[in-house]
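Have a look at the structure below, then the notes.
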Amino acid sequence: MTSIDPQRPAAEPVKGESAVRTEALTKLYADAKRGEVRALDGLDLDCKYGEIYGLLGPNGAGKSTTLRILATMLAPTSGRATVAGYDVASDSLAVRRNVGFLSASTGLYPRLDVRETLEYFGRMHGLEERALADRIDELIEAFRMDSYVTRRCEHMSSGQKQRVSIARAVLHDPTVLILDEPTTGLDILSTSDMIDFIASRKDSGRCVLFSTHVLSEAERLCDRIGIIHHGRLLGSGTLPELRERTGAEYLDGIFRAFVEVDERAHIA
Amino acid sequence: MTTSSRPGAGGSGARASGGRSVVALVARGELLRLLRDRKAVFFALVLPLLLYPLLFLGSEKLGQASERRMEDQSVAIAANLEALDGDLRQQLLDRLPAPDGATFSIADELLEGLTDGAAPEAGAVGEDASNAGGDDHSGEDAQRERASELLEELAVDLLLVARPSDSEGSPPVIVAWFRRNDESGMRASQLIGSAVSDLSTTLFEARLVELLGVDPAQSFAATSEDVASVADSAGLALGKLLPLIAVLVVLSGGAFAALEAFAAEREVGTLETLLVQPVERIDIARGKLIAVLATGLAAWIGNAASLIACAAGGLLATIDEGLADAPVAVLIGRVGLGTVIMLPTIALIASVLGMVSARARSYREGQNYILPLTLAGMALASPAAAADVVFDPLLALIPVLGPSLAMRDALAGSLAPVPALVALASSAVYALLALRGIANTLDAERLLQGADVDAEAGARRAHARRAILWGGVGVGAVLLIGSWLQSKDLVWGLVATLWGLALGIALLAARDLGKKLDLRPAAVLGLTGGSPVGVGLGVCGALLAGPGLGQMAGKVLELQERVLPMPTVDAGAMEQVFAALLDRPLIVALFLVAISPAICEELLFRGAVLTGLRRDLSVGKTLGWQALLFALAHGSVHRLVPTASLGLILGLLRLRTGSILPCIALHASYNGVLVAATQMDPEGRAASLLQHPAWMLATIAGLALALLPRQAAVESTTPTTPTKPNAVPTADRQP
């Protein structure tokens, strides 16, 4: 029997402390033809509060699997992961209270309007009615949603939907925001809005962990970048650190250098 | 701080904001969204409401249209009956169906050329004017031609002519001329035919009375009177229809809500959002289930209310005349009682709809799953439409069927309380089991992973495939080698089949699967699983439930005989085999028929095969496969349903208790009843005791005792919750 206290999350972020941490995180899948597939192969990550961390990798590298494990949607096969100090396996409810999650495939209920959508998820987070109403007003203003606040999601443009989705993800003011390829499928304006939003989260001392395969986004936004390939973290650091390690100037060169080393190691 | 965070595990009554329950929040959200979907509202709620008015008004309109059509098809007859004497002519004219749309005219032209004595046969009525054949009947041909001309000239469909008697004593002849290839002509000839036949019967009877003073055929008169109340007759008529309609309406209404609540979430992409909310997944699933249940129930209540309104409005007279006069208050009472009896079944249907929809990747895929479900529901509910299917405690135990029969009898006002209680109690147990099953429906791993999981499942099935292979080897060996051995010597062949083949294959499979699964063979066979208390309860419950289930299987076979009668040769051969086995000393018969199959078959199917299947497959697939293999091993199409059903119950028992021992106990007591019935109770006294409602209640209690407390699961690598460790008790691991 569990109950959810209608309170704010207890853990207050302290800048520079670990917000997301994984140790030897492994996720195994099996494939009839390929045999056992390691979607994650001993992944070690460490993202801090007040930091935007970009997980960079090609399709199938294990980015989504990592983020879904961190959002408690998938169970790791082995290894350990903590988010906001809570273990994803043994304390998943606490993790979910401290995490905002958004992915490119996230949808909205077509027949609910902005306020109803936010109320529904706000109540799930245990927000008090008065506080919830205030918070929704605040978000409607912040994301400039006043003009379509009573419009059902099915009648919104993709940009409008995107804003509602972001508002939904930060409704409970999570200390850790996990975004899985958040700009996939967005037009230029919506992408730009999203990038501004991600940048804005850093100031409040929150941690943003996001995955992308768009190098320019990572270059522009990230304090640190993790390069993931074949389910392993090949390298991690600030852009200057990565440049120094690989001798490449731009992120595509850096990325290529890491992958080539890895593939050589695989062949060997 | 939360104490547990295992999504899907426990956690009922979790609170969201302001003390609101998550379940209520989700249910309200689901219903709100459903009510805004016009299509779903129409099909789930409005259509059941309009069904009867549309149906009955439609059939009334159809009746009216068909009457109008009949009027449009009025026929024109030209007649000349001068040759008949006045009284006879009047009697014939009285019978001619002028009010039914025949226009009737007297035409003198008919006297020319048609009244000659060249009639085909004396007394004949019909003459086809279109048939202008014949060689030397020139007179006849001339008449045909003349008739044909007159039909044209007078623009009528039939000519009716009475020819005067040509000699003393012979009667006048009435001839009808028409065209066979003309629909109106045919209709006119039928009208004339029946009028003439009625007249001749009346004349014959009058003549008999005149000669004998009485009609000798009427030595006595019989008549019957129905003393059932108007309400009872009306209820009887409704009872044949309503259970099936109720099941269908709940299925179709609930399906919209279930697809919307479970399947559409995945398609729209909101499931992901929902699953990262800090609430227990079981509470989300329960909230959704309540919405499905409420929709199904609302659809049925709307449907029933509209039926009662139609009855009050006199629209139902087409089903049964009594329905027009039945008091509305009584109808409301009976339909209400029927609904109460159906409540657990409605919950069961809602749960199954939820579980099925949650497995669909899209709304459309979900719709594909609903069809077979609807067919199954129809198959289970339709025996209630047959008045001769007696509602007894055994049938009461069958899900959907039992409550349908109870509803039928409740409507007719002849509900037997004990079977009704059995139906209510058993359907409540099924609903409870299904409600527990809903816990795993929002299993994120399977739902979210999509293509990855498909690939993963493909490889995972490697264990399951191995288990199915071993099961197949077992079935093949039993069917091919076993029947050969038994044909040589029935008793020793059976012993060799069970203790040699079945057990041997079970042990080999356990050893092989144990290596793959990293388990000791004993653990694969289920010999070491489960807590002592749980296994003890399981064994006690199984021993209590076995005999009743055995009896029930007999009932199922009886029902099946109606659809798929067993060929007499097969039935005879089977009876001979049973007789040969049972006709032994008690202990030997028990050993052969009850104990040996129980131990050997259980170790193979519920032991090795089930453990291997469960490692890779969902509970449903695991149960289905092992039940199918078990049923196939019995090598009879006719026993497929009862043996597969037993297999399902046994499989569930193994999964819930974690041990093979309760399965052995249930199987042995199920088969043991057969031996006991033949040897110790040739008069069938005990058999009738087993059909007693009290014993049925004991059977339900036994099943509940064995199945409801979940003590230990058979390990699966399909994580039902993200946090479930793939732990196997260390003692069971291979050293």
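Easy rule for this one: first residue shown is 1, then count along the chain.
Backbone N, Cα and C atoms are what each Cβ position is placed from, and that goes for glycine too.
In TrEMBL this protein carries:
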COMPBIAS  B:134-146  compositional bias 'Basic and acidic residues'
COMPBIAS  B:714-724  compositional bias 'Polar residues'
DOMAIN    B:586-672  domain 'CAAX prenyl protease 2/Lysostaphin resistance protein A-like'
REGION    B:119-146  region 'Disordered'
REGION    B:714-735  region 'Disordered'
TRANSMEM  B:40-59  transmembrane segment
TRANSMEM  B:289-319  transmembrane segment
TRANSMEM  B:331-357  transmembrane segment
TRANSMEM  B:369-391  transmembrane segment
TRANSMEM  B:411-433  transmembrane segment
TRANSMEM  B:467-485  transmembrane segment
TRANSMEM  B:491-510  transmembrane segment
TRANSMEM  B:522-545  transmembrane segment
TRANSMEM  B:586-605  transmembrane segment
Chain residues in Cβ proximity to the transmembrane segment (B:289-319) (below 8 Å; excluding those fewer than six residues from its ends, i.e. six or more beyond): 23-24, 26-27, 30-31, 34, 44-46, 48-53, 56-57, 59-60, 234, 237-238, 241-242, 245-246, 249-254, 256-258, 261, 326, 328, 331-332, 335, 339, 342, 346-347, 349-351, 353-354, 435, 438
Helix, strand and coil residues within the domain 'CAAX prenyl protease 2/Lysostaphin resistance protein A-like' (B:586-672) as assigned by DSSP: 76 helix, 0 strand, 11 coil
Tertiary contacts of the transmembrane segment (B:467-485) (same chain, 6+ residues out, Cβ under 8 Å): 492-494, 496-497, 501-502, 505-506, 508-509, 512-513, 604-605, 608-613, 615, 625-626, 629, 632-633, 635
Chain residues outside the transmembrane segment (B:522-545) and at least six past its termini with a C-beta under 8 angstroms from it: 506-507, 509-510, 513-514, 603, 606-608, 610-612, 653-654, 656-663, 665-666, 669, 698-707, 709, 711-712, 714, 728, 731-732
Residues of the parent chain within Cβ reach of the transmembrane segment (B:369-391), under 8 Å, 6 or more residues beyond its termini: 236, 239-241, 243-244, 246-248, 251-252, 255, 259, 349, 352-353, 356-357, 359-360, 398-402, 404-409, 416, 419, 559
Within the predicted model, mean pLDDT of the domain 'CAAX prenyl protease 2/Lysostaphin resistance protein A-like' (B:586-672): 89
